[in-house]
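The next block holds one structure in the form of structure tokens; read it before the comments.
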Amino acid sequence: FRTKWSSVSAVLCVTSSTECSCGRNHFTCAVSAFGECTCIPAQWQCDGDNDCGDHSDEDGCMLPTCSPLDFHCDNGKCIRRSWVCDGDNDCEDDSDEQDCPPRECEEDEFSCQNGYCIRSLWHCDGDNDCGDNSDEQCDMRKCSEKEFRCSDGSCIAEHWFCDGDTDCKDGSDEENCPSDVPAATCSLEEFQCAYGRCILDIYHCDGDDDCGDWSDESDCSSHQPCRSGEFMCNSGLCINAGWRCDGDFDCDDQSDERNCTTSMCTADQFRCKSGRCVRLSWRCDGEDDCSDNSDEENCENTGTPQCAPDQFLCENGRCIGQRKLCNGANDCGDGSDESPHQNCRPRTGEENCNINNGGCAQKCQMVRGMVQCTCHTGYRLLEDGRSCQDVNECAEEGYCSQGCTNSEGGFQCWCEQGYELRPDKRSCKALGPEPVLLFANRIDIRQVLPHRSEYTLLLNNLENAIALDFHHSKELVFWSDVTLDRIMRANLNGSNVEEVVSTGLESPGGLAIDWIHDKLYWTDSGTSRIEVANLDGTHRKVLLWQNLEKPRAIALHPMEGTIYWTDWGNTPRIEYSNMDGSNRRIIADTHLFWPNGLTIDYAGHRMYWVDAKHHVIERADLDGRNRKAVISQGLPHPFAITVFEDSLYWTDWHTKSINSANKFTGKNQEIIRNKLHFPMDIHTLHPQRQPAGRNHCGADNGGCTHLCLPSSKDYTCACPTGFRKTSSHACAQSLDKFLLFARRMDIRRISFDTDDLSDDVIPLADVRSAVALDWDSKDDYVYWTDVSTDSISRAKWDGSSQEVVVDTSLESPAGLAIDWVTSKLYWTDAGTDRIEVSNTDGTMRTVLIWENLDRPRDIVVDPVGGFMYWTDWGASPKIERAGMDASNRLVIISSNLTWPNGLAIDYESQRLYWADAGMKTIEYASLDGSSRKVLIRSNLPHPFGLALYGERIYWTDWQAKSIQSADRRTGQARETLQDNLENLMDIHVFHRHRPPVHTACEVSNGGCSHLCLLAPLPKGYSCTCPTGINLQSDGKTCSPGMTSFLIFARRTDIRMVSLDIPYFADVVVSVNVTMKNTIAVGVDPQEGKVYWSDSTLRKISRAALDGSQYEDIITTGTNNNLGWPNGLAVDKAGSQLLWADAHTEVRFCSSTLLIRIEAADLNGANRRTLLSPVQHPYGLTLLDSYIYWTDWQTRSIHRADKDTGANVVLVRANLPGLMDIQAVDRARPLGFNKCGVRNGGCSHLCLPHPTGFSCACPTGIQLKRDEQTCDSSPETYLLFSSRASIRRISLDTSDHTDVHIPVPELNNVISLDYDSVDGKIYYTDVFLDVIRRSDLNGSNMETVIGQGLKTTDGLAVDWVARNLYWTDTGHNTIEVARLDGSSRKVLINNSLDEPRAIAVFPKKGYLFWTDWGHIAKIERANLDGSERKILINTDLGWPNGLTLDYDTRRIYWVDAHLDRIESCDLNGKLRQVLVSQVPHPFAVTQQDRWIYWTDWQTKSVQRVDKYSGRNKETVLANVEGLMDIIVVSPQRQTGTNACGVNNGGCTHLCFARASDFICVCPDEPDGRPCSTVPGVVPPGPETTSVSERSQTLPGRVTTSTTKPLTSLEDGTVTDCTRCNMQVPSVCHHPNILLPGEGLHVSYIIGGLLSILFILLLIAALIIYRHNKSKFTDPGLGNLTYSNPSYRTSTQEVKIETIPKPAMYNQLCYKKEAGPDHGYTKEKIKIVEGICLLSSDDSEWDDLKQIRSSRGGILRDHVCMKTDTVSIQASSGSLDDTETEQLLQEEQSECSSVNTAAATPERRGSLPDTGWKHQRKPSTESEV
């Protein structure tokens, strides 16, 4: 028997390898998860029995066991034949669905390749619905223009490409990135990772790999060590100290398991063989907690081992196949599978399947000569080996996705509402859109499609987003931020971000949305609470607070009215309760350590959670039963989990990934996304994750006034925290009494109206370090001091109406008390050592006590007795008392005190209580200090705040971190109201039962003009005045203001220090205006006004000394350049000048910083040092016998004797931002005003001097000869624009100071021009896309053109014809209109590509413009756009500005790409480079002998001599955003033409041309009849009145029979009847006679003009001949810009240095050169100072290749510098005859030719202006 067993028994062994080898006659089963190997006899393989327990012995077997009625699957399984080709995978290997005839799908179905039919909507939805993935063989979707396509076809945001983050799943977005990508520059609040990414600095050395490469966790030894109870890993990560040496690698560097001893486990732990520590209670519990099974070894057999469901358990513990039971063989080895142990039927040996079916109930087969019974599919064999029983498929988990109904021999799967059964008839698919995984990533919230891995950003720039949830129907997403301690929400499209909960949060790690009842639930492990509120954060309530330690994840089941949460405190557990907090129960508290994520499968009625310490994902029923581990391997640190359909999705901190697996088996694990920043919470965004359900509260909120919270069957009306219920459905509207306490960063209350005593944060803003508190129930105000902001604030008890009461001259306000009777606010200041008082709104502030105080702390007032009490814990700790008006001051306690902190008055027993943190006691005494007793002396580590209410005394304790109470008389019955509260400060009890008190101040304020303060009887009260003001002799009235005082600027405010009172206290001048950088201050003592300048706001303002009558004096053109010496003061009495010098002086060869205050006589003599050294003096002033100065470094105001510098006194300290200071004595008589009578007779400024006075004019205007009056404006001046301003610079004076022209509403002014006739400025604003005009004083601003513009670059006024021309770069057009904007017409709209500057020459009838498009050029046309001609189109880069010299008839332009200024004549000939190496010129103009231009790089206006290009000067520097510039001069806009009189007789537009003029109609009719015949108005549709006709027609109209005339400039006109009417609405009229003129006049004018032209030509030839060239160093580089982007600041222009080729190399040729010289035939001559060359291109190209040295012999020969292309352009513009004449005029033997390289490459693109929405691509840096 033993031998037989040895040959057939199953053998179990454990191997360390993954391969097992059994004996020769044995079959090796699959290796188990724990490395176990099982060997079974070979004959047991393929016998239809599960002998291995995992079916591995039956896999792949072909068993001929199926009956004729069944179908035999390829895997050996038998199924009913009726199931073949029914579309269901019944064989589980799809063999029953192979070779089936194609099934006809419906019209709305998709036909799978395997024959299945699915919904058409499921095609290409990312889900494998067919089962063979044939429905997902789809083309990759197209990425948008703002997306980057990954190699796998997914799309990501374009800006994620090469950003250092792997956003594509395959990492293709970080491949082939340029190596020169600039490293990210991180801000001060950020840490820069090794690869350049920026993270918040708070993440540096926090133990988390936020950078992704651990660079933020390296070198963390200097960071703050871990807290108590934690262990610091070598990387800086802090972990639980109990995890040290527990066998688990909890540190990222595994340092927690190094250098461990065997004694690390505690008494309640068991040590595994691996060294890991597990709980002792887990020993021998049937689960392998050690992972090596050592906790289950040597255990008594306390339970039955588990075999597979289709196996038999032998008595010896072995498992055999069910079919081997009662087969006559001892398969168990102990006979327990046969008789007599089993009730086996005796075998006769004559059994045969042909006889009575072998006794089998269903199927019979012969195996080794013996009958073996089997069952049909859907049945199982019973223990008798004959009978069959129906198999309940529904009992097998996961057989159906959701619902399952069992039937005899079969089953049927079904789905919940909102789902549909897939073609496999077992799994369910959710109806609706494609699911999206929504997850928090700390710094952002992202979305990923689980089936496609497509990745999108929802919200970014977050601080530390942890938990999140969504509300699908409202399209909202909610998240918690544990850095900001906020709960936020936004729309699901990322818009409308807002705070929901902003107070009282410490670590909100869990968040859940009730989408049915619209409630927000959250957990807070810092406060150990679960709270609920409406979706907007209102009606917030603490739901659960007892027996909570570290609540983490939270999930809701609104349909059932239940809430589930995890708690990973000292007793980890999972609990649930109703959503109203009732029926709380623990559903799991074993085998939990760190339960993190939690989710509910609403369709499957189960819950899933992750345990980060046990590295497991588990599931259970909603009541906690049927708990099972789903995944127990490959989970380093799971954090959050969600479920959808049949899949689980979870985030893992360690792998930085999102993973998925099957929710039933844990198989099919897949990484959805990895290489994430820091994945936190995760949810599936889909409507089926928030299914519809019954609203327990109904439509009317259940009738509740506040919160309606659902429960399992009904609902409960609940009140916000602290509010009591007044009925079953209603809550109180306010709190009657509550405990009020400060906790530094917030102020909280504990309501005494309810029993829960939960603390609730009052929603206040910007509470940084609250210390002292008090309250006044009369107005429901709570007051508090903040020692971080040095302020006193107040708000209603509910947080509304918050305001700052006092925020100046405070240093450490530590005590606060409210006189609720007279509404006064008292406070102590330990920094200034003062006690002050004011009204409760902060007005009428005054200092009460300033002497003999040493760090006063708490203060209380007794309005009943008229006393105030305060503690002082300086060098001599004491408790003092004084009247509330500071009278009768007395020390009442001075012994046995160390740190006397809180004070409280018991009015009933007339006692004073105090807490002493040094003595660790709470004591009391009578109000006069007698009868002192200790109330509590034990367990008081550090008491701070103290309060009395009723029979109890309450106090806060810093060290115990608690609020406690006791009986106020005995100190017994101590209770702890709240514990575990950090930073506890003051405490009070707010109530509404203060007794009324009647005082003398009630009636007419006691007769006081200002403050009425209570005092002890018999006095009762006294009057006092605000700080710095004296009380008059009547004892009730205050003086109107300060008489003698210091006034000083402190950047953001102006303050005064009274010198009338015995102490120094600064008072803010309460001007109702924001100051940014007030640096200078002055006072007019006679008017009582203060003046100040603000260098940031760039204005000078003034106000009355009380802050009223504020007004701005100067708002434009100020340039406050305050330098050293800093302070200046005049001592009139002592006749000396004093100044402060903050300068470094070197003496005796030793660098010593000697900063001093000096004095001298008014003429500078007798200079001497008064004080040295001083720290950093800035402002200086003098009054009486003292000097006062401000000091930047000490942040103080000092005083010293003005004669000796002795007796230095600190006036005021702790005043950052100190600037100027002035001393004022309004009682001192003023001196004589020399300009006092009629302003000295001056029309503008009267300026006194020692001997009298003189008159002066505003900037740029000259004084007339009478030396008293001024002109109204300069005669000649520059007018320029700088984006948001238009300014002028007078050329009449030499100071060149700019003056703002106050034109309103300037946004982005580009182009300018001026009309000298009407005195109007015309300008374009490309921000508004308008053309406007205004007067020179900025008035009468009006829009001329307000529609149809798209970036107007250039503007020109035709002052003769009264027309306005402009270029439109957006539309690529040149347009014209009348000066008032009427008669608008497009002149040129073809062959334009970026037209820029424009200029007109009305006298000649010419129009000029630049075009810096693809082919840059300068063009000319007539003023009507005809006879268009390209003047210059070679060697141009970006021709920007353009101007005309009407005197010399030349064109000047600036080139911002070639960086030079050039000129040519009106025909484009005689081209000349005037100035080269100009950094970035933009606009240009001309006046007299100067060329003026604006420059973007130098931010300046410059000028140069127009003849020589020399004498370069900077007119104005340091001007941001410089744009256009023009000259306004009487000599500038001169000349006339035929359009100058009566508009040429034209009804609309009149255009002068070179030899004639024309009348033109506008593009759009304006309702007035238009005629192209001068002087003729066609009849309109209606009768025109006589007055209208008289305005339209000229004085005399010529007829068509008038004899034709020819000369335009002589005033002649042309007959229109002879015109060729080729252009609609345009007619040429060269011969129209103007009224009142004859032929003789025109001939005379023509002759004179001809003579003048000849004379000018001769003068120009002489000037050019004597010009000398300037040669440019070829080694110099050239700064090149991208051309204009007027939409942005010029500061953003990117400069790149592009070296220019060697230019202007000088070549010298002699005319008599020998025949070997290849260039003797070239006609190179100097003509008019311009080098000309014949147009033989081949020889010219040869010439360009020559590179001679700079040392060519020049001797007396001079040649103007040009480049080769310039020469070609010049010569090319002349015909052969002109060229020959020019060559004959000059017979120089040697010419110096400046050769240059070819036109610089334009990089194939145009510069981008940034104006247009669509632009051509540009390789220039975009501006």
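Even glycines carry a Cβ here, placed using N, Cα and C.
Annotated in TrEMBL:
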COMPBIAS  1588-1604  compositional bias 'Polar residues'
DISULFID  CYS46-CYS61  disulfide bond
DISULFID  CYS66-CYS78  disulfide bond
DISULFID  CYS73-CYS91  disulfide bond
DISULFID  CYS85-CYS100  disulfide bond
DISULFID  CYS143-CYS155  disulfide bond
DISULFID  CYS150-CYS168  disulfide bond
DISULFID  CYS193-CYS211  disulfide bond
DISULFID  CYS205-CYS220  disulfide bond
DISULFID  CYS265-CYS277  disulfide bond
DISULFID  CYS272-CYS290  disulfide bond
DISULFID  CYS284-CYS299  disulfide bond
DISULFID  CYS314-CYS332  disulfide bond
DOMAIN    413-428  domain 'EGF-like'
REGION    1572-1604  region 'Disordered'
REGION    1769-1823  region 'Disordered'
REPEAT    475-517  repeat 'LDL-receptor class B'
REPEAT    518-560  repeat 'LDL-receptor class B'
REPEAT    561-604  repeat 'LDL-receptor class B'
REPEAT    605-647  repeat 'LDL-receptor class B'
REPEAT    780-822  repeat 'LDL-receptor class B'
REPEAT    866-909  repeat 'LDL-receptor class B'
REPEAT    910-952  repeat 'LDL-receptor class B'
REPEAT    1088-1134  repeat 'LDL-receptor class B'
REPEAT    1319-1361  repeat 'LDL-receptor class B'
REPEAT    1362-1404  repeat 'LDL-receptor class B'
REPEAT    1405-1448  repeat 'LDL-receptor class B'
REPEAT    1449-1490  repeat 'LDL-receptor class B'
TRANSMEM  1641-1664  transmembrane segment
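On its own chain, CYS332 (disulfide bond) has PHE312, CYS314, GLU315, ASN316, ARG318, ILE320 as residues at least 6 apart in sequence with a Cβ closer than 8 Å to its own Cβ. If you take the Cα of CYS91 (disulfide bond) and the Cα of CYS85 (disulfide bond), they are about 11 angstrom apart, rounded to a whole number. All chains included, 15 other C-beta atoms sit within 10 angstroms of the C-beta of CYS284 (disulfide bond).
The Cβ of CYS299 (disulfide bond) lies under 8 Å from the Cβ of ARG283, CYS284, each of these being in the same chain and 6 or more residues away along the sequence. Taken through DSSP, the repeat 'LDL-receptor class B' (561-604) splits into 0 helix, 23 strand, 21 coil.
Proximity of distant same-chain residues to the repeat 'LDL-receptor class B' (910-952), defined by a Cβ-Cβ separation under 8 Å and at least 6 residues beyond the stretch ends, is recorded for 737, 739, 741-742, 773, 858, 860, 862, 865, 867, 869, 871, 877, 879, 881, 892-893, 896-904, 958-960, 965-971, 974, 984-989, 991. The DSSP breakdown of the repeat 'LDL-receptor class B' (866-909), given as helix, strand and coil counts, is 0 helix, 23 strand, 21 coil.
The Cα of CYS46 (disulfide bond) lies closest to that of CYS290, out of the disulfide-bonded residues CYS155, CYS168, CYS290. Residues 33, 243, 248, 398, 401, 419, 427-430, 435, 437, 439, 450, 553, 555, 557, 560, 562, 564, 566, 574, 576, 587-588, 591-599, 653-655, 660-666, 669, 679-684, 686, 688-689 of the same chain, all 6+ positions outside the repeat 'LDL-receptor class B' (605-647), place their C-beta atoms under 8 angstroms from a C-beta of that stretch.
Checking the disulfide-bonded residues (CYS168, CYS193, CYS265) against CYS155 (disulfide bond) with a 10 Å Cα-Cα cut-off leaves CYS168. When the disulfide-bonded residues CYS85, CYS143, CYS150, CYS155 are scored by other C-beta atoms within 10 Å, CYS150 scores highest. Closest to CYS78 (disulfide bond) in space, going by CA atoms and restricting to the disulfide-bonded residues CYS85, CYS100, CYS265, CYS272, CYS277, is CYS85. For CYS205 (disulfide bond), the nearest neighbour among the listed disulfide-bonded residues (CYS73, CYS168, CYS193, CYS265), judged by C-alpha distance, is CYS193. Each residue of the repeat 'LDL-receptor class B' (1405-1448) gets a DSSP state, and the totals for helix, strand and coil are 0 helix, 23 strand, 21 coil.
Note on CYS277 (disulfide bond): other Cβ atoms within 10 Å of its Cβ, all shown chains, come to 21.
All chains included, 21 other C-beta atoms sit within 10 angstroms of the C-beta of CYS193 (disulfide bond).
Listed by sequence, the residues of this chain that lie at least six past the ends of the repeat 'LDL-receptor class B' (780-822) yet keep a Cβ under 8 A from its Cβ atoms are 734-735, 738, 740, 742, 747, 749, 762-774, 828-832, 838, 840-842, 845, 856-861, 863, 868, 870-871, 884, 986, 990, 994, 997, 999, 1001-1002, 1012-1014, 1053, 1055, 1065-1068, 1214. Taking Cα separation as the measure, CYS143 (disulfide bond) is nearest to CYS168 of the disulfide-bonded residues CYS73, CYS168, CYS265, CYS272. A gap of 25 Å separates the Cα atoms of CYS150 (disulfide bond) and CYS193 (disulfide bond). Using a 10 Å radius centred on the Cβ of CYS100 (disulfide bond) and all shown protein chains, the other Cβ atoms total 13. DSSP places the residues of the repeat 'LDL-receptor class B' (780-822) in helix, strand and coil in these numbers: 0 helix, 23 strand, 20 coil. All chains included, 25 other C-beta atoms sit within 10 angstroms of the C-beta of CYS168 (disulfide bond).
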